[in-house]
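Student: Pulled these from TrEMBL:
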type: TRANSMEM; residues: B:23-40; note: transmembrane segment
type: TRANSMEM; residues: B:52-72; note: transmembrane segment
type: TRANSMEM; residues: B:92-118; note: transmembrane segment
type: TRANSMEM; residues: B:130-149; note: transmembrane segment
type: TRANSMEM; residues: B:169-191; note: transmembrane segment
type: TRANSMEM; residues: B:221-242; note: transmembrane segment
type: TRANSMEM; residues: B:248-268; note: transmembrane segment
type: TRANSMEM; residues: B:275-294; note: transmembrane segment
type: TRANSMEM; residues: B:300-320; note: transmembrane segment
Amino acid sequence: MPNFGRLLREKNIIFVTLALCVLFYLISPRFLSLDNMSAISRQIVPIGLIALGQYFVVVSGNIDLSMGMGSVLFAIVLGVFFGLTGGVALGIVAVIVCSLALGFFNGVLVAKLKLPAFIVTLAMLFSAQGLSGLIIPRGQQIFLMGDFFRFIGAGKFMGLYWSFLFLVALFVLAYVVYNHTRWGAYVIAIGNSEENARLAGIDVDRVKIGVFMFSALCSGLAGIVLSSRMGFVQPGLDGNGLLLDGIAAIIIGGTLILGGRGTIGGAFWGLLFIGVINNALNLLNVEDVWHQVFKGAVILAALGANWLLWQSRQVEAH
Amino acid sequence: MTTATATTPSRPGFKLDSLTQRYLFLILLIVIASVGFGIANENFYSLANIGILLRSIAVPFLLSMGMTFIMLTGGIDLSVGSNVAFSGGVGVVALTATGSAPIGFAAAVAAGMAIGAINGVFIGRLRLSAFMVTLATYALARGMALVIYNADSINVSDAAFLWLGGVSWGNMPVVIPFVALVFVALSVLLYKSTFGRDVYAAGSNINTAFVLGRRPERTLVWVYVLSGALAGLSAIITVGRVSSGQPWAGLYLEFDAITAVILGGTSLFGGRGRLLGTILGVLLYGIIINGLVLTGTNPYLQSLIKGMILLGVVLLDTLVQRRNAQ
């Protein structure tokens, strides 16, 4: 089967993820139980939202480091509005407005002032972290209760979590936008060569600002989902961990960190990969202290395997 | 052509070049910040506080130096903070096992270099993205630190092991002359050795460097090993400062180091920058954080101010340069 080798190379993340599932199933049959599958589907939603927003940013040749701490900040914005008014609607509107404003700000600095995205969003990471702790004092929590949070956090439709269905719908939408609209093509073109994109008449600045507004919106949504699931918000949440998981998901899914290349499907599989690992470490009663070791080693192994496959393609090409 | 301009840093003529401009700007900010904090709090200029300030920036300083080398090659190292915890753990365990401080020191530095070597081989030899590889070792090193310590801190009482980070001569912590020595050594390495020129060459244009036989793939391995070694030294200082090894030591220090290097005007894309800029970046950062701690500010406000400084300096610099270009 000559095509199998090619399939393995190009879609290797699918095989790796499925192989891991089989492995974990053999270790603990509970891994593939319906309960656990749906637990995974719920756990990956915040990471998935970060990954999706980050995906367009990375493909456009930029990076958004503010997404993780942004989620924490937006969760707190939601919590504060909920605490003040007791209602949800105003909080959601506030999160959407604030996140779009942050994205617009990032985008303008990157596109119009030509500052590196890495620096701008690193500064925003610190600022969001700072603001989140200034709005609510350290160690204090705001509890989120009510139908809305229960619906987002644990609501199910035909056995599937609403939040997961929502994430899948967003991925499908992103797939269509990325592959079948002009805007998607512009993002790829900018990631390949900003200069060429400009010469081709693309309004580069506008697309870039749009990309950052989308990523910030995604981090706002991630903040809503995360806080609903936990039932409270507090400033000390590990936003950077969320950010790095999201980036790892899309890179493992084959997105080129330098921009210009990637597939939405790959990003989704990368997300499942991260979700499966995170879940299995808990399920298999791996001691907490080993989690990070395992995760780091698996990412390194995935990178190494990708390199080996890439090498074999080089050899074949000669 | 690219390597030629990179290996001979442009000299300021009638017009100051952009790096010199950035350094003057940073010095101005440092002066403003120190005068401001001096007025706000009379203890700011006490010898004791200056000692505390310099000691507190020793670790960020070492890590930022390593980060400068890496960013000059166009790379990035997200693993240094975790590496501080990991190499500290190895050092403390080696110390407890053998009772010998030199072996503990050697173990810590070797452990740091080992993580650096993993980064270097994956990035330099396999040509994988530095961001991704060091993201993996960021998790790996932190995880191994947690395993070594079993998620708990270990007290250290060996006086020789704590000497570097903990002892002061009068108001002068011994770590200050040590760090100064490291700086001199690194300056010689960067400006007076072939390796230093290789670093600039690899960062300016890796393909050209390769064609010219400068072996950038090898240079890349060594800059990450260097950064790992500096993380090991930082670990020893960190353990000495608090008299215990802690699994969460150095958390997010990589972000601080990257910030200091960027403040110092080193390009994110490699090939351009100097160690002097990084010193100024670390100093500005340290003075502001120290000044805020002294005035008892909320740590979250410090984060916010960090972000604002980073954005403000880079933004102002860009605007000034753009006006000059017109």
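In case you wondered, yes, glycine gets a Cβ from its N, Cα and C as well.
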Student: Could you name the stretch, out of B:52-72, B:169-191, B:248-268, B:275-294, B:300-320, with the greatest number of CB pairs under 8 A to the transmembrane segment (B:23-40)?
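Tutor: Between the stretches B:52-72, B:169-191, B:248-268, B:275-294, B:300-320, B:275-294 has the largest tally.
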Student: Are the transmembrane segment (B:248-268) and the transmembrane segment (B:52-72) close, by which I mean at least 3 Cβ pairs under 8 Å that are 6+ residues apart in sequence?
Tutor: yes
Student: Checking distant contacts: for the transmembrane segment (B:92-118), what same-chain residues at least six beyond its ends satisfy Cβ-Cβ under 8 A?
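Tutor: Residues packing against the transmembrane segment (B:92-118) from afar: 79, 83-84, 86, 133, 137, 140-141, 148, 154, 156, 158, 160-161, 163, 221, 224-233, 235-236, 239, 245.
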Student: When you scan the chain for residues with a C-beta under 8 Å from the transmembrane segment (B:130-149), skipping those not six or more beyond its ends, what do you find?
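Tutor: Distal contacts: 70, 75-79, 81-83, 85-86, 88-90, 93, 115, 118-119, 122-123, 245-247, 249, 254.
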